[in-house]
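Enquirer: For reference, the structure I am asking about is given below.
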Amino acid sequence: MLLIAGTIGAGKSSLTDFLSKEMASKPFYENVEDNDVLPLFYSNPERYAFLLQIFFLNKSFLGMREALSNDDNVIDRSIYEDSLMFHLNADLGRIAPMEVEQYDNLLNTMLRELEESAPLKHPDLMVHIKVSLDTMIERINKRGRSYEQIANDPTLYDYYKELNQRYDEWYENFDVCPKMQIDGDQLDFVANEDNLMVILEMIQEKLAEVRQTHGKGHYCTDKAIAKGDFSKKNAASVTSRSSS
């Protein structure tokens, strides 16, 4: 099982599509076309943030659970990234503390169920597509979803900037399974498909290394940031500043 990770506009769906065909595996996509809540969220984040993130969490859980019944899978955005997005919106004051507690409880229940349902089937590798903020915004503009455009809502710039920064730190703390990072600026496979073969070779080499060392992934983790929760880190930072 491959987990394809990356911020908005990183190219997750494109890479998932390519890898699933090249590796003869089943893709599981983050489908936003049938998500009626997403445009509502962009129009009124405070009202729809919790509803949107519950929608994403449920979709991701169902996708990962279905993936357990297949031999090989490529998953476009995992359940851990849903939690990252959720906690960003919570830290921005869009989600109530009681809702945060219930979300975290639900997430942990789902992860335990995945762990118990398939003790011998775990994520093999997480592939993070790292892109700069400029590339992220350029691709958001190019795909043309009106509700994502900074031109229509200038406050989205700071939201995208914070999200991109959190993805980098989330990757560094991710401990669920073996991982690797692709420079999506240098190997821009969205603009140049020739780079896809380079990336495929990199992933195959990493998978061979993982299998040789018997690297084994899992679903549950005690590391909060690995599940996208930066609140404890932020609290520690505030405490440190207060005592200095």
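Cβ atoms here come from the backbone N, Cα and C positions, even for glycine.
Okay, so TrEMBL annotates it like this:
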- ASP76: active site, proton acceptor (ACT_SITE)
- 6-14, 139-143, 187-189: ATP binding site (BINDING)
- GLU30, TYR42, GLN53, ARG77, ASP82, GLU148: substrate binding site (BINDING)
- 3-204: domain 'Deoxynucleoside kinase' (DOMAIN)
Enquirer: Where does the mean pLDDT land for the domain 'Deoxynucleoside kinase' (3-204)?
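Expert: Mean pLDDT, the domain 'Deoxynucleoside kinase' (3-204): 91.
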Enquirer: Measuring CA to CA, name the entry from the binding-site residues GLY6, GLY9, LYS12, LYS142, ASP188 that ends up nearest ASP82 (substrate binding site).
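Expert: Closest candidate to ASP82 (substrate binding site), judged by Cα separation, is GLY6.
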Enquirer: Based on Cβ atoms within 10 Å, give me the single least packed residue among the binding-site residues ASP82, ASP188.
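Expert: It is ASP188 that, of the binding-site residues ASP82, ASP188, has the fewest other Cβ atoms within 10 Å.
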Enquirer: Distance between the residue listed as 'active site, proton acceptor' and ASP188 (ATP binding site) at the Cα atoms, whole Å?
Expert: 18
Enquirer: Should any of the binding-site residues GLY6, LYS12, LYS142, ASP188 have a Cα within 10 Å of the Cα of GLU30 (substrate binding site), which are they?
Expert: LYS12
Enquirer: Can you tell me whether DSSP puts GLU30 (substrate binding site) in helix, strand or coil?
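Expert: Assignment for GLU30 (substrate binding site) reads coil.
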Enquirer: Which one is closest to ASP188 (ATP binding site) in space, judged by CA to CA distance, out of the binding-site residues TYR42, GLN53, ARG77, GLU148?
Expert: ARG77
Enquirer: In which DSSP state, out of helix, strand and coil, do we find ARG139 (ATP binding site)?
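Expert: Going by the DSSP assignment, ARG139 (ATP binding site) falls within a helical segment, counted as helix.
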Enquirer: Can you grab the distance from LYS142 (ATP binding site) over to GLU148 (substrate binding site)? Cα atoms, rounded to a whole Å.
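Expert: About 11 Å separate the Cα atoms of these two residues.
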Enquirer: Cα distance, GLN53 (substrate binding site) to GLY6 (ATP binding site), nearest Å?
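Expert: Computed Cα spacing between GLY6 (ATP binding site) and GLN53 (substrate binding site) is 17 Å.
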Enquirer: Looking only at LYS12, ARG77, ARG139, LYS142, the binding-site residues on record, which one has the least crowded Cβ, with the fewest other Cβ atoms within 10 Å?
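Expert: Per-residue Cβ counts within 10 Å for the binding-site residues LYS12, ARG77, ARG139, LYS142 bottom out at LYS142.
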Enquirer: Between GLU30, ASP76, which of the recorded positions has its C-beta surrounded by the fewest other C-beta atoms within 10 Å?
Expert: GLU30
Enquirer: Using a 10 Å cut-off on Cβ-Cβ distances across all protein chains shown, tell me which of the binding-site residues (GLY6, GLY9) has the largest neighbour count.
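Expert: Selected residue: GLY6.
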